[in-house]
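Undergrad: My questions will all concern the structure given below.
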Amino acid sequence: MWSGPPQPDQGLPPSLAAVPVSWKSTGPCQGHRESPGALVETSAGEEAQGQEGPAAAQLDVLRLRSSSMEIREKGSEFLKEELHRAQKELKLKDEECERLSKVREQLEQELEELTASLFEEAHKMVREANMKQAASEKQLKEARGKIDMLQAEVTALKTLVITSTPASPNRELHPQLLSPTKAGPRKGHSRHKSTSSTLCPTVCPAAGHTLTPDREGKEVDTILFAEFQTWRESPTLDKTCPFLERVYREDVGPCLDFTMQELSGLVRAAVEDNTLTIEPVASQTLPAVKVAEVDCSSTNMCALSGLTRTCRHRIRLGDSKSHYYISPSSRARITAVCNFFTYIRYIQQGLVRQDAEPMFWEIMRLRKEMSLAKLGFFPQEA
């Protein structure tokens, strides 16, 4: 007898109890009739076989779900760890970048400070160099001025020295550098430049009387004085200016116009360049061979005039080793011109501290001496 479907409280598993099973009532079969016990066993076996397949499938699904969830959880944990690791590395990199950025900013600041310091130091060095250069140029300029002044003083001292020999001493100095009360005779050395030549003494034995310029009547020529004042404002040795052009034409040219024209031109150029030297001839004559090699004239003939005269002086032009013997008259003419050039050089160099009129009269006196020397008046040598 079938007692209905099994209930959960009968001890069956829930999964099996949940599976619905269709039951059919079986009537008595024709020709064969089973016992009730056999029918119960047959029904139970069929029910077990019908419920075994879905339970296995459900278990497989549960296992798959469990494995999937486990894999998902492990994957999630792995991804979280990787994310945490990546965030940690990113943080470290951010910190490193920040540190490097600070280092870069510090280096840039130090570089800017160093650049500014270098520029400041360079400007300071340039400024100091410019100051030193300016000071050096100033010192050089002052030194050159002192050198020029010393050279002018040396030249002035040379011009104060006169030629003096035992046979013919000269006692006059340049009166333009001395006061009338202090101008007196003194001796000098025997060798000198053209600017060191002696002035014509106030006593002219050929004239037979003593010249006293202070007692002579004098009157200023306005044309000459105007030309001199114009030249005095800007002293120059340019012979094209009206003042010097007149002196060249009226005094210097005629006074240095000797018979030997070629040598006269050389003497004139040497006087203008201040390179002419007048030397006294020693009392002992040089050996004949040496004289022939060095000297270009005889002691008994003037190289400028060509006349036979006793020549006690000789001239040398520039650095040449050749000498030319000259007569006393030629020497007087040359020294008169040299004295004039010496005085105007003094004026140009600022060594003459006088008013215009005394300077003018001194130049007129020097022109007068050139005229007298050209006319043949010269001091008689003892």
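Positions of Cβ are set from backbone N, Cα and C atoms, glycine also.
When I checked TrEMBL for this same protein, it listed these features:
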COILED    76-160  coiled coil
COMPBIAS  45-58  compositional bias 'Low complexity'
COMPBIAS  184-194  compositional bias 'Basic residues'
DOMAIN    75-159  domain 'GDP/GTP exchange factor Sec2 N-terminal'
REGION    1-60  region 'Disordered'
REGION    166-199  region 'Disordered'
Undergrad: DSSP-wise, what's the residue breakdown of the domain 'GDP/GTP exchange factor Sec2 N-terminal' (75-159) into helix, strand and coil?
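TA: Taking the domain 'GDP/GTP exchange factor Sec2 N-terminal' (75-159) as a whole: 85 helix, 0 strand, 0 coil.
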Undergrad: Across the coiled coil (76-160), what does the mean pLDDT come to, as a whole number?
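TA: Averaged over the coiled coil (76-160), per-residue pLDDT gives 88.
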